[in-house]
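Engineer: My questions all concern the structure below.
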Amino acid sequence: MGLAAPRKKIKISHDPNNTNWSRSTSGFGHKILSSQGWTPGSFLGARNAAHAEMFTAASASHIKVVLKDDTLGLGARPKRDPLNEPTGLDAFKGLLGRLNGKSDADLQVEQQKRDNVKLARYAATKWQAVTFISGGLLAQEKTTPIVTEEPQGIHKDKQEDKLSATVPGPDSDGVEGSDNIGGQSDQSIKKKKSKSKNHREKKDRKRKHTEEPESTDSGNTNKRSTEKKSKATRDDEESSSTTSKGLSRERRPMGRHVFRGRHIAQKKAALMDEKSLNEIFMVKS
């Protein structure tokens, strides 16, 4: 408070330590405790408690208040000298050891122990103690092989190759093998024959087109050549598309990409529509 604050007169009582209150026997606390079986000098709580052995003479005395005038936490101790011993005590202990008849080797061992204790105390006060906790040993995790699902077209081709390997050729004399093979092998052979026929027909068509004589009209020849090239490219694209469909999978958008794709598609549709553009730009049609 400053000088402008109201003046307060404080009178020092005759009992500054408040000993009259602690020694009085007419108070409410003393009466209720004595009614519960407490007597002056005894401890509070059950006498047959598990922690009764931990009580000392200080437990029966009055509670003492310590003024906290620092910013340390509760229970923290102020800084003290780590050695906390009078100077020259080590030399005095060594002198007493020599007088008692101890050898120099024993005195050096004791001095080394004292030095180690001093260093440990200094390190504990200077730096926080580090405790290492073992976190176990590093071990290699078991790698589970990833099973990739093959497309149906490749799987069927492999089965057909296996069946064709077991089927004997037309020139071979093995009649028993043809009897053992079921209807599946016959179907696979028919499919292979049809594929080979189609391939041969395509090659024959190409040869015929190349062996035809050149026509007199240059425009007709150019048209025919372009048509041939377009047919060949179409056939190649169809064959490549059939193989690529079997091998590659459709990449479907997942998560937020689905909503983003829809939003972009709606924007494109709105830009392509004249009515929506007029509504956006507030133009009367």
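Cβ atoms here come from the backbone N, Cα and C positions, even for glycine.
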Engineer: Taking 1-23, 93-115 as the choices, which stretch does Swiss-Prot tie to region 'Disordered'?
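Structural biologist: Result: 1-23 is the stretch Swiss-Prot calls region 'Disordered'.
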Engineer: What does the DSSP secondary structure composition of the compositional bias 'Basic residues' (190-208) look like, as residue counts for helix, strand and coil?
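Structural biologist: Looking at the compositional bias 'Basic residues' (190-208) with DSSP, the answer is 19 helix, 0 strand, 0 coil.
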